[in-house]
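> The feature transmembrane segment is assigned by TrEMBL to 41-61, 73-92, 150-171, 183-204, 244-261.
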Amino acid sequence: MVHLTIGLSYYLLAVLPHEWMGKWIYATFFPGDIDTYNLRFLSMAVLAAFFCLIPLLFNLLRYKEGRNITIGYLLLTLTLMMLAYFSIFVLATELVHFPQYAILAILLFPLSWRYGDTLFWATLLGALDEAYQYFYLAPDRTDYYDFNDVVINFLGAALGLVFLRSFAGCWPSPSRRSWQQSPVLWTGAALILLIVTAIGSGWLSVYPGESSTETGFLLVRKMPEAFWSQFHHIRYHVVLPEEGLLLLGILFLGYSGLGGIRRPKYFTPKENKSGSL
């Protein structure tokens, strides 16, 4: 309960003042020139990333268990982050999503001690964050539900979990359970059922012109004119819903091997009479 309270409190503190924080960042760092603005923020992000990678690299030298897997996922995550920056970022300020969701994943991890579960919950909370912004916070200033940011949130959460994995052998392994006991499975199934029902009833539509009720919601209010969109001279791709879902599916599959840390002896509880943990 303590970990859940801390995680949700952090999430709400990061999400609810989103509008105020965005205006503050813009007023503080925007010099009147987009290029200088992006360069300032990118420079600060690179400097912060350098200092954050130091303890991670130290852990890789200290803990040998699963080191190659951790290094592999670290390189994969950093590569995907760079690809995301040059393909789906509009402004460098969106880099804040990486540490924001890395911290969220770290705070949520003790709830299950499962990397896959934590990645799912962090990504789901990130999707809810984007829904809050799109449907409530700024419905008149956005043309589409921002799958770009959902993907960025995923990568941030993945980076946080890679950092945790660098402490190989220091975390308790999760208790055994059957697939029927997985809250991720049932939550995912419920979400799919809810979305299918919403689309089938006309309450939710993906693109303009599709059948919807007068009070229905659109995921994409205005279609991008081409594969690449332009903001000033910055070129980026708007991730459409089907692209976002496919990409997230591939990412979840790719990060399915992130777990596998064994429970060290000092974390192993005594078995009860039934032999279960």
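The backbone N, Cα and C atoms fix where each Cβ goes, glycine too.
If you look at the structure here, what lies around each of the features I listed?
Note on the transmembrane segment (41-61): residues 29, 67, 70-71, 74, 91-93, 95, 98-99, 162-163, 166-168 of its chain, located 6 or more positions outside it, place their CB under 8 angstroms from a CB of the stretch.
For the transmembrane segment (73-92), same-chain residues at least 6 beyond its ends with a Cβ under 8 Å from one of its own Cβ atoms are 34, 37-42, 45, 56, 98, 148, 151-152, 155, 158-159, 162, 165-166, 231, 234, 236-237, 239, 251, 254-255, 257-258.
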